[in-house]
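Structure first, commentary second.
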Amino acid sequence: ILRRNGWIKAAVLVVLSILRIHSFPCHLTEYKTGNGCCPMCPPGSRVKSDCTEDRSTSCLPCVAGTFMDKPTGQKMCFPCSVCDSGSGLKTKHSCSLASDTVCEPLEGFFCIDSTPGRCSAAQRHSRCEPGDFISKAGTSSSDAECSPCSRGTFSNGSSASCQPHTQCETKNLQLIKEGTSSSDAECGERAAVAPVAAGVGVGLLLLLLALGAAGLYFRNQIKCTGKQSCAETLNRKEPELPLKECALMVQRSPGAD
């Protein structure tokens, strides 16, 4: 009878063990094995060997370049992430035994693939075209926004506001080239108008005086020539000119008296 009772107890224990394995879940701090449930290893470590009836789970710390950020029944730690500058990322927090690397966008980039507190890929902020200004600066989580400059202002696309065109008149300069939405007006020194005008006036006056003097000279020459011709004609009594007309010219000429 005793032997029979012993066999019964053993059978009951086996059945209970089977039921426990297949019917009852492990505790939150345990993981399931072929022999039942074993205590998990703490963050920063991994399972070296599962527990037995005689001993608990054997754990080992993660090696450099790997991590485990929660209690685990895993026998391998996870490899640390690398922040790739080619993907627009840089390291915010380095990897440790109990936490993965935390990446963030490089300066001038914004995250396009993120999880809470982490970024896996980033993209460069949009650049505004000449004639536009940065109406909203880009952040690590959002792109930049551009808007066109208003009339009379300009921007090369890299500034946060448009600048007014230079007013050449206010600087006592003359306008060389009109400003555009992407470039400023060009100014130059004013031409010396007064000296040039004065020089032109003096030149014209001298020219008029010279012409007047030349006119008087040729007029006197013509009169003198006319008097001599008529006098010679009258003296020689040659018929080149009518005598009455020649005599009349001599009488009208100055100094004919």
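Here the Cβ of each residue, glycine as well, is placed from N, Cα and C on the backbone.
In TrEMBL, Cys59 is paired through a disulphide bond with Cys41, chosen from Cys41, Cys77, Cys80.
Per TrEMBL, the cysteine from Cys51, Cys77 that shares a disulfide bond with Cys62 is Cys77. Taking H, G and I as helix, E and B as strand and the rest as coil, DSSP gives the repeat 'TNFR-Cys' (61-103) the counts 3 helix, 15 strand, 25 coil.
Rounded to a whole number, the distance between the Cα atoms of Cys77 (disulfide bond) and Cys38 (disulfide bond) is 18 Å. Taking Cβ-Cβ distances under 8 Å and a sequence separation of 6 or more, the neighbours of Cys41 (disulfide bond) in its chain are Val47, Thr57, Cys59, Met68, Pro71, Thr72, Gly73. Put simply, Cys51 (disulfide bond) is 19 Å from Cys62 (disulfide bond) when counted between their Cα atoms.
A straight line from the CA of Cys77 (disulfide bond) to the CA of Cys51 (disulfide bond) spans 19 Å.
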